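Here's what Swiss-Prot has on this protein:
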SIGNAL    1-21  signal peptide
CARBOHYD  ASN40  N-linked glycosylation site
CARBOHYD  ASN277  N-linked glycosylation site
CARBOHYD  ASN311  N-linked glycosylation site
CARBOHYD  ASN342  N-linked glycosylation site
ACT_SITE  GLU474  active site, proton donor
CARBOHYD  ASN532  N-linked glycosylation site
CARBOHYD  ASN626  N-linked glycosylation site
CARBOHYD  ASN653  N-linked glycosylation site
CARBOHYD  ASN733  N-linked glycosylation site
CARBOHYD  ASN756  N-linked glycosylation site
CARBOHYD  ASN785  N-linked glycosylation site
CARBOHYD  ASN793  N-linked glycosylation site
CARBOHYD  ASN819  N-linked glycosylation site
Amino acid sequence: MHVKAETVLALLTPAPPSVVGQHVVDLSGDGWTLSSTALNRTVPGHLPSQVHLDLFEAGVIDIMASMILTFVGLRMPIGRIPATRLKAYFESTWLVFDGLDTFATITFCDQHVGSTDNQFRQHHFDVSQILKECKQDPVLRINFGSAPNIANTIAKSPDAEEWPPGVQITNEYPNRWYIRKEQSDFGWDWGPAFAPVGPWKPSYIVQNSHAELYVLNTDIDIYRQGQINYLPPDQSQPWIVNASIDFLGPVPCKPSMSIEIKDAATGSVLSSGLLQNVTVSGKSITGTTTIDGDAPKLWWPSGMGKQNLYNVTITVQNDMKKSLAKVTKRTGFRTIFLNQRNITDDQLAQGIAPGANWHFEINGYEFYAKGSNIIPPDAFWPRVTQARMARLFDAVTAGNQNMLRVWASGAYLHDFIYDLADEKGILLWSEFQFSDALYPVNDAFLENVAAEVVYNVRRVNHHPSLALWAGGNEIESLMLPMARRADPTGYSKYIGEYEKLYISLILPLVYENTRSITYSPSSTTEGYLYVNLSAPVPMAERYSNTTPGSYYGDTDYYNYDTSVSFDYNHYPVGRFANEFGFHSMPSLQTWQQAVDPEDLQFNSSVVVLRNHHYTAGGLFTDNFKNSSKGMGEMTMGVEAYYPIPSKSDSVANFSAWCHATQLFQADLYKSQIQFYRRGSGMPERQLGSLYWQLEDIWQAPTWAGIEYDGRWKVLHYVARDIYQPIIVSPFWNYTTGRLEVYVTSDLWEPAQGTVNLTWVDLSGKSIANNAGTPETVSFTVGALNTTNIYTTNISELSLPDLKDSILILSLSGEGRLPNASSKKAFVHQNHFTPVFPKDLSLKDPKLEVSYSPESRKFTVQATGGVSLYTWLDYPAGAVGYFEANAFVLLPGVPKEVSFVAQEGNVTDDWLQRVTVQSLWDQKVRD
């Protein structure tokens, strides 16, 4: 079952032989056709695109009907071609494909050109001779095969590798691990299984004269002299700029390379001249230069300084000084290092527990990584635009995040996404596309992976936002233990295969193409014992070779037992938290984008089936059993801690339940983030919190903090608040009654200030004698540290009614942001209640909201009582965020809040439809 498309490429009249140069035809745009023998349909096509998108635009399928889309992914390959013009007088003609998803067969002038089997590689084919022999107007055809069908065929082959039953994780389509395609296309617990195919990235026809070079890829590596990937760089050393280009065309005779480095903001020249040590290896030309260590302005992550960027132009010349190729890339000067070295004696003397470090250092400075995990922002990458990603990354920096982990088994991010991260100061922990499976290690598979690794490492290496390369997701922490339990006697085999792929193959390829980036074989590890680059397995992982009382590596934590959600004794103690979370429902407005009105019920079949936690484990369209488990977990979380919605209007009740699941999710993440950040001053010296997950791929219950269209859930607001540089946090052991209050800072210098501790009842009246609690406590908190400012036991406080009490914690301090010239004021507010929200004697806060055109701000005030989880909500028609939300509001203390519009039309009518509610409204019947 194939789809064919074709368009004529008309040849021009040949030009004189003296014509030289280069002709590049961008095949992007309309003019393609998509045809299917399976559906007996031919429709207009586009490039870049994928089959589902063109069929949807032609009205053949409903893109919201996930079961139909799954069928399309299984049954429909695709072919395309745009109309354009070629020139007959060039000596060489190449087809260049930046991304074909995944199994494609290419023909040109009815001649077979080649085939592809890797979504993540760039492919190029020489069609010079085919074009010269073409007797008619040339036609380009690309036929795509069904990835699930081909994966199944590979799995059935006699020489296919096999693993113990129950080890490989199938979400919907099976056998994803046999092929090099986006693994989440086969289904995941936060997204659909559409398995799209098509030319998902741009494609070109390149025609060269006898001398010209076409640049396929560019690797610019900037590092300190003597820097080695797994060791801390010496910040006193000069900078080395290593420039390497991969090209099409004849190998030039005695080539030279020149460089010009300009400040991207001012245009001033930092350095120019010839590169040294120019070498040619295969189809790559490489040269280096040295820059004085203090000459460039450094690039810093968000919150730590400016994002200084430079444009680097590389020119290749032949021995006659004729320019053969020129390429410009924007980059920055910084060092980023993942420190996994053993704890030193000096660190032990500071009170840091023994073991090994696991934290990042930027330009020689330890910092606290605050952020989340980013998944594919759409099931179809051609729909992911620069404007859309700019809005998402604006939300990241507005949320006080400085790092995103680019989760493995989506896709390697486009260059424009790294460009945005460079501009906004967002570090991108990047991973190779392997996740939650064991993978083959046969020669053909490894050869395919090697090309994928080299291409992508070189492609993105110039971006200062690139923070790390990790081998894959949860391979060492989840998959190897699963294999050990399933087949204890064969465990050494699986360890050997893991090391063959992620250490013996990928690690040297990374190190050969960059000296500026650290590599970790897996997202979650205990770190390494030693590195010996001359050994067959160059990195010896620690695995379970740990010592009690010592800490190693990063942590990955999910616990769906809601009875212990807020018991921080259950949270993992480690050096870095790279995954943790709990799912919640999206808002009513988001559900309305994808679900018919009659299905807007918490347990409607449509809503339940869009919940893929837990996944079907196969191609089952009625996964009620597993989906209901995930729905039940959200329900139990709400019922255990929050007022249970019971509204007479079914849609209002559905909306209230959606909001309640978000409250639980946000409070759980807040509890964990506070705990992990406090660890910066504890023996574990914990220096990172990346929660799961940043954003949604569609409208469904997931772990996301930002919904599919960009609307913030409660989580993103709460994370924004608790990711501020200096915070005050309560820690309550509800079993013993012990209450501790900590101030935590991620500044690089000590900070000072005061915390006001104020007990009031839920009508807003002060509790007598402040319940025996000091009203003000002064603090000094060290750099990247935490300090306990108050400890008590609830039983020792003079609280007339625990259910009618709330402690307001208000911090006011002063400190200096990293690389800032002067100190600034910091404020933070938190709260604590000695019972869970469902047990509080809530009062109607009688909330009011108004908008002032003059100040362009909303004013929210409570006149009847304390408003908990004060929630401003906006109608459809625009996307943006409030500068504060989900806050505590005391009666008589109005709060002004701005709205930042990111997309859409904010009209007067729209402004008047902004609403406000609180926890009180969750329990009130309308």
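Positions of Cβ are set from backbone N, Cα and C atoms, glycine also.
With all protein chains in the displayed structure included, the most crowded Cβ environment within 10 Å among the glycosylation sites ASN277, ASN532, ASN626, ASN793 is that of ASN626. On a Cα basis, ASN785 (N-linked glycosylation site) lies 18 Å away from ASN819 (N-linked glycosylation site). Within its own chain, GLU474 (active site, proton donor) has SER435, ASP436, SER522, SER523, THR524, ASP556 as residues 6 or more apart in sequence whose C-beta sits under 8 angstroms from its own. On its own chain, ASN342 (N-linked glycosylation site) has GLY355, ALA356, ASN357 as residues at least 6 apart in sequence with a Cβ closer than 8 Å to its own Cβ. With ASN311 (N-linked glycosylation site) as the anchor, the candidate glycosylation sites are ASN532, ASN626, ASN653, ASN793, and the one with the nearest CA is ASN532.
Nearest in space to ASN785 (N-linked glycosylation site), taking C-alpha to C-alpha distance over the glycosylation sites ASN40, ASN532, ASN626, is ASN532.
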